[in-house]
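Visitor: Got a structure for you, questions after.
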């Protein structure tokens, strides 16, 4: 395929003057005509020669080309944290310098290695990334390359000409080596525009060709037939086969500075210029005199540079205006960006005179050349789970803003302003103190105690006219790090210093609050507003395959004296998080998690009632189950926290099966869900159903389902309060409840299907005689992993448990008891129909343990397989389970995926977290270890992984069983972090 394409392209160049000399001609009079046979022979011979020359060139070029495997390990400025591959090529074999793109080197922390053509691997560090132009340099140690002679490509920017045949040699589409052919079609196009809030090159010409390069080819050399690098592959069009190459003029200058150990000076007047053709310049006011002079001086040029964007408060602000046509600098006529760069870079700190034409008039202005490096951020702050840096020239240029302000490069943690917009925010003030720059921001954050709520004023770069004000929760316990990272171009590492330890939280004070009654003529219904509250959770660490996020819902206060609140487990999925209860939309109080039901989707949290001076009312809870057709009063909170109510009736009570997620995570199982006839309940993520006397009959809860198209599917259903009464009563008595369950999934089948499966007629008659709600049999839909020999099987039809006919799902919901009863398990006698025969089984119940320990290694979160994993798998490997991996971590770079089980490290079995920690703590920094794993489908495989403890230290979070608090401990870290 490649050869055919190259042949076609080469045939277009067979008419060059060099080839004409080799052709044979037959003369007819004064006319010179080429015979058909000679034409074919000449083209064929030229094609062979051209092909052989390219083959010889490519064989040398590939020895200089490297595949770059890298990670930009933290979000910084406009660059996200990511893991990717690209291309580079050696430009100095003695110093070990590799040229690639700036968007590969990145503006922030970089970790990577390169692979040479002979598959030798070598670590690289970044030594330079240009503030504007899309190039950067990596450095490797040439002494570590032992099995091949390092070949460097010579840079020849002057050889990039229109019509030149070129090859792009690189790591196209992630392949080890691809060779793409093309012809240079333009050498004077403006820099491509990649969109807002991302890196863009500007103030330079770009070279255009059609080579159809794709992802992974960034940083590839563009070579001519003589093997010289004439340009640098930088980007391409998504809608055509067009590629964009960066000229090498300024790259060559930067390389010479590095080779001479001299600083690479970069000057700026904070103005963006665009190359515009003469016809457009004339419309902007270019006079015929200047046009004729420029055309005479620069016959190959098609236009002049025109001012596009002038940054406020920059050196040219108020002097140069948009639409000004650049005529000369210091009296030197200008036609290219290269001339501008050369003058500015040589005059940092000096005054330079610019001659521009505005409306047909020549205007001379003097600007002091600024230092481009000084307005390019080289440090960032990490605090409260978010990262910040000074607003950069890159970001400010797009919106013509002054280069100042605190730029939120990762909207997460306490500063997660908008789940949909993660980049582009400017923090104007925190806790009523202005934050004009990063240093001021750091000083403000030093003074704020942990778990405080402070006011933040901020705005988005794309909307300067709409300031935002919100209150945020300061998290310095889950996200305890407060660090300043600074770039070190000598080592390639971003060194960090710890700024300040967390300030202890301030003691809470009690507050008063007033409840607004529910609009109702029934006083018993109206006062139920005093029994409802808001609940929100802040999860900073993703565990149990659940995201780190903030969730909000409502809850029912089931005991005002002790502060118990029942809430959907959708909002309280586990206990590695912070919980808050808001009373009367006025008082926010921290709460503790007292109970998580393993199947029925509810949690119970507890707040300190001494902090609430408000008439909170404990509601009456029903002692009887709801039935189909019953009337009820629905009271619920809408998504915007408005309390609404309406009369309704129960339309159905049936077993439901919530779809499982692709990656197993908590979901409700074995439910008898209540459906109601109401047009307002779909608008409420929490509510209650009551009798007319205010007795609570059921809860209206949100249930987490599967993830579809990157969105969470949430189901809304009712849960009878009777399903919660035993747990509530145990908590009210001052004890801790425990639930023992038969760990299997159940569903329902009709009498017809039960008969087909072999259920005897006598049992069908019993069901018809005793069932009052729905004629159904309960069947086993799936069986969780267990090491017990006696167990249910999928397809079993449940007849009875302990000699009692099973007619409804709640009979299989588990056994609830107080924790002080010390019951390891119960044995239940099941009678089932299996394969058409009645079978008696003595089944042990199990207690579902919540996650109480996690290990963070190489950027992935490891834990014991949680309950959802055991529900989904029939055979669980002996290893630690990966539940999450960081977006720029070694785990992603080397191939650890969520749902993988790590069974061995360096051939040592790791059956549990303690053994895993024992093994990995012996692995030195920046070394490879062998990891054997098992996929979710029990397919074994192995990888090698290189540790990086500077950016990804090993840590453990473990729950103290006595206090209920999570304790963090870091291991083998390159720097100690005070706790």
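Glycine residues also receive a Cβ, built from the backbone N, Cα and C atoms like all the rest.
Pasting the feature list from Swiss-Prot:
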| type | residues | note |
| --- | --- | --- |
| ACT_SITE | 103 | active site, charge relay system |
| ACT_SITE | 134 | active site, charge relay system |
| ACT_SITE | 217 | active site, charge relay system |
| DOMAIN | 273-361 | domain 'PDZ 1' |
| DOMAIN | 750-836 | domain 'PDZ 2' |
| REGION | 1-20 | region 'Disordered' |
| REGION | 65-255 | region 'Serine protease' |
Visitor: Measure from the CA atom of residue 103 (active site, charge relay system) to the CA atom of residue 217 (active site, charge relay system) and give the result in Å, rounded to a whole number.
Guide: 12
Visitor: Can you check how the pLDDT averages out over the domain 'PDZ 2' (750-836)?
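Guide: In the predicted model, the domain 'PDZ 2' (750-836) has a mean pLDDT of 89.
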Visitor: So what sits near residue 103 (active site, charge relay system) in its own chain, CB-to-CB under 8 Å and at least six residues off in sequence?
Guide: 79, 134, 199, 218, 234
Visitor: How many helix, strand and coil residues does the domain 'PDZ 2' (750-836) contain under DSSP?
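Guide: Across the domain 'PDZ 2' (750-836), the residues distribute as 23 helix, 26 strand, 38 coil.
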Visitor: Helix, strand, coil residue numbers for the domain 'PDZ 1' (273-361) per DSSP?
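Guide: Per-class counts: 25 helix, 29 strand, 35 coil.
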Visitor: Ten-angstrom check, please: count other Cβ atoms within 10 Å of the Cβ of residue 217 (active site, charge relay system), all chains counted.
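Guide: Cβ-Cβ neighbours of residue 217 (active site, charge relay system) within 10 Å number 28.
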